[in-house]
Amino acid sequence: MNPNCARCGKIVYPTEKVNCLDKYWHKACFHCETCKMTLNMKNYKGYEKKPYCNAHYPKQSFTMVADTPENLRLKQQSELQSQVRYKEEFEKNKGKGFSVVADTPELQRIKKTQDQISNIKYHEEFEKSRMGPSGGEGVEPERREAQDSSSYRRPTEQQQPQPHHIPTSAPVYQQPQQQQMTSSYGGYKEPAAPVSIQRSAPGGGGKRYRAVYDYSAADEDEVSFQDGDTIVNVQQIDDGWMYGTVERTGDTGMLPANYVEAI
């Protein structure tokens, strides 16, 4: 249904309709309220939802007010209220910005834990990239050399996981066979226990290290230690990992090389 014109009240058809100031107008009825000049969408100015030309557009006029004591008091009171509101907003938003955090022992522990997690993730990514399909053939000889030197195999390099103290369990199992061999020859009754003990000890040359950071084991083949612990029977596996025994707890396993220093 066609709307009515806001000026003359007659029906406005689409061919002559002007939609402006939230009303509908005929093109001929859309003129200035004062001089009746026909306006368009480019040169009109609206005031109280009525069209005006640029010359007759109502202008705001300001009245001069004398600086009486009452007016000065009101002005000063308004400024004080504005200043009070500004301080209130400032105090409300004060805690939402940057604030200095005290370096407490709890925050230091959290920071150290995050550094350890980042270091572990770095080593995991390094191991994954080193054991990828493209570089698997070149890494295999290095892996075998590490197994022969340390008598230890990481779970990621074998199909079935083995117990934590692998070097001590294997020679004990071979001891009865050695005794049977010596008894079959006859006359030689010296026990083969020293041989098994000699193999069970890690071949690290008696190196001793001291822990400079706390470390929590991230895998079953690793050991946990605290700052200041002594690591004995240490042997180097690669640039990033070592194998040794924590003297305080007696646990044996892998540990990161950058968490300890030589004594």
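Every residue, even glycine, has its Cβ placed from backbone N, Cα and C.
What Swiss-Prot records as N6-succinyllysine, among LYS49, LYS112, LYS121, LYS207, is residue LYS112. Per Swiss-Prot, the phosphothreonine annotation among the candidates THR156, THR249 falls on THR156. In this structure the C-alpha atoms belonging to LYS42 (N6-acetyllysine) and SER118 (phosphoserine) are separated by 64 Å. SER118 (phosphoserine) sits 10 Å from LYS112 (N6-succinyllysine), counting Cα to Cα. Put simply, THR104 (phosphothreonine) is 12 Å from LYS112 (N6-succinyllysine) when counted between their Cα atoms.
Nearest in space to LYS75 (N6-methyllysine), taking C-alpha to C-alpha distance over the modified residues MET1, THR68, THR104, is THR68.
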